[in-house]
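Feature annotations, reproduced from Swiss-Prot:
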type	residues	note
ACT_SITE	HIS158	active site, proton acceptor
BINDING	101-109, ARG191, SER199, 323-325, 329-330	3'-phosphoadenylyl sulfate binding site
BINDING	LYS131, LYS132, ARG148, TRP153, HIS158, HIS203, TRP210	substrate binding site
CARBOHYD	ASN77	N-linked glycosylation site
CARBOHYD	ASN270	N-linked glycosylation site
CARBOHYD	ASN275	N-linked glycosylation site
CARBOHYD	ASN326	N-linked glycosylation site
CARBOHYD	ASN393	N-linked glycosylation site
CARBOHYD	ASN402	N-linked glycosylation site
TOPO_DOM	1-7	topological domain 'Cytoplasmic'
TOPO_DOM	29-419	topological domain 'Lumenal'
TRANSMEM	8-28	transmembrane segment
Amino acid sequence: MNDKPNKWIFIPILAILFVMIGYQYVCPAGGQACHFRTGDKLVRIAPLATPDPTTDDLYREQDPEEDNPPKCASKFNFTERDLTRDVDFNIKGDDVIVFLHIQKTGGTTFGRHLVRNIRLEQPCDCKAGQKKCTCHRPGKQESWLFSRFSTGWSCGLHADWTELTNCVPVIMDKRQPPKRKRNFYYITMLRDPVSRYLSEWKHVQRGATWKTSLHMCDGRSPTQDELPTCYNGDDWSGVTLHDFMDCPSNLANNRQVRMLADLSLVGCYNLSTMNESERNPILLASAKSNLKNMAFYGLTEFQRKTQYLFERTFHLRFISAFTQINSTRAANVELRDDMRSRIEQLNMLDMQLYEFAKDLFLQRYQFVRQRERQEERLKRREERRWIRERRVNQSKEPIVENQTRVTTTEDYASQVVRW
């Protein structure tokens, strides 16, 4: 019997053993010499987070999307001016941040961040049991923040853009000495229209009405004929989603567009001034323009990015990081496709506004992140150049020979202090 084939089998086995031994030598266990790729990312063990990380670290450690956000083609032609938001906010001067709080957009949480979570020279004074905080400028008895949790509903419950822009300057002049010029920086929060609509339905179902809202426009509130109520009695408790959607005068429909648009452009709440086909494009265009020109707006679905952009816009830092909470009442609603389609149809203007807002928001975020990375690269480049120049200058310095040390001939004992 021929044994040569059996001998040839040992050759590849020995080769494999040789490769394995060599690999263990070149790439020992736990070594950093070799990396393996999964897809396009290196597989590695992330370093342990520090006990008290800065907010910048939190962006990188807890949200991997932050460092490399997906770049998608935009359907909107935003200019660099649209993307640039760098407010020279002077908290010690006459500048005022005005928070436009749209229902069920996470505004309550964001409003609390403004009064409790900003690192300030003179923090807001929030006393237990009180709904409002005192947010004064350093060394002055003047407020720098106009919001629910600082000045209260001074312009009416959930006042909209039309109300605030006409009311805030008057209120501020009444409460504080009139100024020749105050800078009012308007901010707001937006939310996915379907989620926001469902959240409002759930809130109304539990008894909320907001019936004390003024809805002031062109100097007056709407009449009962212009804005009829959707229910009889004190509230709409227990309302079904079908009934909620069936009310044609339900202000939940396209609420975000209505609260951000200049309603005086369409005759306020008087629907007889123009038909719907004329009214809707004007409202949407006005809401987009006002939103784009605001100092800042955030999105409920992007809490960390909202925090990041606010900090970079106003040059104010939050003490603790924002938290993304996706387990909401709206998220727990089981919604059929036909029901979702109807909600989207009822909120068609809000759907278009949110698409616009989300695109602009993410582009602003990418723009600021890219600008920061460029500044960091330039800073590192300048540091390296400074180090190189320093080394060159040191190499050109003349070498001084060590001089012979002069030894003293005095007796050591004479140098000892006698106590």
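The chain as shown is numbered from 1 upward.
Glycine residues also receive a Cβ, built from the backbone N, Cα and C atoms like all the rest.
Structure with Swiss-Prot features highlighted.
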residue	record	CB count, 10 Å
LYS131	substrate binding site	9
ARG148	substrate binding site	21
TRP153	substrate binding site	15
HIS158	active site, proton acceptor	21
SER199	3'-phosphoadenylyl sulfate binding site	23
ASN270	N-linked glycosylation site	16
ASN275	N-linked glycosylation site	9
ASN326	N-linked glycosylation site	8
ARG329	3'-phosphoadenylyl sulfate binding site	15
ASN393	N-linked glycosylation site	9
Radius 10 Å, atoms counted are CB only; among the recorded positions ASN77, THR105, THR109, which position scores highest?
THR105
Rounded Cα separation (Å) that holds between TRP153 (substrate binding site) and HIS101 (3'-phosphoadenylyl sulfate binding site):
10
For the substrate binding site, please report the maximum Cα-Cα distance among LYS131, LYS132, ARG148, TRP153, HIS158, HIS203, TRP210 in Å.
22
Using a 10 Å cut-off between Cα atoms, which of these recorded positions sit near ARG148 (substrate binding site): THR105, ASN270, ASN393?
none
Of the recorded positions ASN77, HIS203, ASN270, ASN275, ASN393, which one sits closest to GLY107 (3'-phosphoadenylyl sulfate binding site) when you measure Cα to Cα?
HIS203
Check each residue in the chain of HIS203 (substrate binding site) that is at least six apart in sequence and keep those whose C-beta is under 8 Å from its C-beta; list them in sequence order.
GLN103, LYS104
Cα distance, the residue listed as 'active site, proton acceptor' to ASN77 (N-linked glycosylation site), nearest Å?
32
Just to be sure I understand the packing, how many Cβ atoms besides its own are within 10 Å of the Cβ of GLN103 (3'-phosphoadenylyl sulfate binding site)?
22
Within 10 Å of its Cβ, which one of these binding-site residues (HIS101, LYS132) has the largest number of other Cβ atoms?
HIS101
